[in-house]
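Here's what TrEMBL has on this protein:
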BINDING   33-40, 638-645  ATP binding site
ZN_FING   252-279  zinc finger
DOMAIN    605-934  domain 'ABC transporter'
ZN_FING   737-763  zinc finger
Amino acid sequence: MPVEELVVHGAREHNLKDVTVRLPRNALICITGLSGSGKSSLAFDTIYAEGQRRYVESLSAYARQFLQMMEKPDVDSIDGLSPAISIDQKTTSRNPRSTVGTVTEIYDYLRLLYARVGRPHCPVCGRPIAGQSLDQIVEQILALPEGTRFTVNAPIVRDRKGEFRDVLEELRRDGFTRVKVDGEQRLLEEEIVLDKKFKHAIEVVVDRLVMKPDLRQRLTQSVETATALAEGLVAVDVIDGDSLLFSENFACPEHGVSLPELEPRIFSFNAPHGACPRCTGLGAQLEIDPDMLVPDTSVSIADGALVPWSVGSSSFYEGVIQAIAERYEIDIDLPWRDLGEEQQNRFLHGTGGDRILVQYRNRMGRKRQYAMAFEGIVRNLERRYRETDSAQQRERIEEYMSFRPCPDCGGARLKPAVLAVTVGGRSIHEFTRLSVEGALRFLGELELTPTEELIGRRIVKEIRERLTFLSDVGVGYLQLDRAAKTLSGGEAQRLRLATQIGSQLVGVLYILDEPSIGLHQRDNDRLIATLERLKALGNTVLVVEHDEQMMRTADWIVDMGPGAGEHGGHVVAEGTAQDVMQTAGSVTGEFLSGRRRIAVPPRREDDRGVFTVRGAAQHNLKGIDVEFPVGKFVCVTGVSGSGKSTLVNEIVYKALANRLNKMRVKPGEHDDVEGIEVFDKVIDIDQTPIGRTPRSNPATYTDLFTHVRELYSLTPEAKVRGYKPGRFSFNVRGGRCETCKGDGQIKIEMHFLPDVYVPCETCHGRRYNKETLEVRFKGKSIADVLEMSVEEALAFFARIPKIRRRLQTLHDVGLDYIRLGQPATTLSGGEAQRVKLASELSKVATGRTLYILDEPTTGLHFADIEKLLEVLQRLVDSGNTVLVIEHNLDVIKQADWVVDLGPEGGEEGGELIAAGTPEEVAAVEGSYTGRFLRNVLAQPAAAAA
């Protein structure tokens, strides 16, 4: 009898309260609930962890050393558990060589397609080329100068692993005496031992010759022998010169350019056979960027426009500026942008051969003068970067550098000969420049000859299927050459989801963490259809999700709660969506049934002006002008890939950060941003971690811990002992436990298993030494405070205003349940973003700040969104401007102003579709956002209970 259910008995991981659930197999299951209610603890830390642990345990000890062994979760038993695959939101790869094409394996099939049906062309003239004849090869060799010594070789092994004993033995039997092995000439009579784990190159030395007039006949015979041995290839090794490679297969008769044999490896930018030699396949080089040298063009040179020379600049560089200004009559009090290009170039690129007289004071304060031709700031920094041995100096100069396309390959990553091979008139690089949707259209229109069709049919089918899976999960706008490290967590997760669909596995338990993140409502249907397809294959799909549409579609819902942290960990409701709606006490049920809704506040009518982005043209933006009202809650919307993040994060934030925060970042391409004088600063509250190590936590990030340490230093016991606030820091010597250096745990390196962290035996995980822990406030030590939740700490410090105010902001953003000392590395992106928001709320408001948030509702339940919106509206009520990128309709309907981009993603996006109040956008026919917004705005405030 097949098992029909997945049954979890007595789960107690983290805050789970002895949870028992029965989940149907081969179904789409949605686990939902408030933030911190125990959703991830049940789905990932219990079900997935046990599934993975059992699988790894079944492998050999040798295999286990390469896999992460998970600890057994705190659960009595789990029955009916299938092999589990977790598809999370971690970025796919930080490797600059990883692209959408490589991580989805589409590029592997593309390389195979181009190797099998690609049409080679001459990289010089572009003509289609075929193999060179034997006579043509001989003629080119005879062109070598008289007296040139060279060998004619047959490349029989080219970069292949193996020992090749049989090959070498056969050469001995055939009468050959010499071979060139891995670049070194060897006699065949000696024993040649090759390591089978490494790649080798073997060339047979067919003949050794000296160029002279009567050499043609012997040379022809030698070339004939070489091409017969090496399948049309012949290598000529010129003594004390370059090696020449000829092919009977591909060469341009006009220019004599030989192409390598078409193999998949030459189309790889990760292998030396095909990668551009200058950039080694990266497609870009780090170079001094003039835009980073002058981030704010409204500033004059006299006021520090040239940033490298404005901070702590020496008297010598001041003298250079004065000398150039006098020699070329340049007004250094004018804004940089008002100077002519030639005048700017005198500073950036030097004076050419012209000598200038530089007057300056040396370190002793004595006047000096020096006549010199100035090389320019760009070359000056490049030279210093090359010559310095100081890592600190290099880091400083790198602040003025950015990646520019490689001058040799133009960013294509491959050698010219490889880029000259086409399929359907496109090189492999041009193919990867297409979006997923564009690539599908191209393959649909691809015309192949009958022979090419026979060879390439299966390869094209594989590529088309993978592209279709990507389109189905809502990432059809992504270009195949898009760097994997630039993908959002949601995009990376959907790429992995598409790969799993392609694997066609059956009987697997898939566990996904909010797959709808970053998706517009229009694309949600396609994502749900994809999950249904996974289920239809015979798999169980378990999603941790807050999306209303996903919940209504799910076969089964588990609602965790009723609260967060210690108040959560119970199953409040389970069953179909209808069952959950009828369950008393389920907050999820209240929102699904319409008994509770997020209300629409009255619109702000006051007019405080606008700030305007002119000519936004970065990535797919079509040179648009966009107005944003000041002192309002503004929402930027649009389908995935329409240009929202480019407009807000790459242009608005970076342009304002340079001018208001004096940062050095390069904004996306645009003409200008007008009207920003109303702001005093711009703050980007993103979802990056608040710290990279467990030492960083919410208490330290919000500066709450500084006030807690000050409070403990004022206790009677601390005063008697002479303890200062530093005594209560776990980052410095004095009060911390020195055994674990204040970490509270010791790392033990395991030979065959992942590193294990065990509580420190000296402080037992408390971080501090015995003397520090003896100091107490209201009976609690400093270590006890770090173990408190925000809710507990709020009650404990109720009478300490400085501390209470900071705790209140964490409470206001819905983080009651997190511990003050919870390591930053364990916080989700949404939690990290709300910690940052709380930190900003605790500061003294100026009422002139622009706050930018990218999808702040990530990981939030309906009730959490309600709290978040109250906080954002409070920021705006204080006079600030809040600019959010968002897909959630409950957020969009609360905005004072909506900017909708589209109409589609990728190249078909980047246009301004609508701008106005939510009601005005809802009335625009061509707006996808407007279409969904109409339905939400038409709903009553709350249905009768």
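Easy rule for this one: first residue shown is 1, then count along the chain.
Here the Cβ of each residue, glycine as well, is placed from N, Cα and C on the backbone.
Where the annotation comes from TrEMBL, it is an automatic prediction and has not been curated.
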Average pLDDT across the domain 'ABC transporter' (605-934), rounded to a whole number:
90
Across the zinc finger (252-279), what are the DSSP residue counts per state (helix, strand, coil)?
4 helix, 2 strand, 22 coil
Residues that sit under 8 angstroms from G638 (ATP binding site) by C-beta distance, when 6+ apart in the chain
H520, K644, D900, L901, G902, G909, I913, Y928, T929
Protein Cβ atoms within 10 Å of S642 (ATP binding site), excluding its own
29
Helix, strand or coil: which one is G638 (ATP binding site) in, per DSSP?
strand
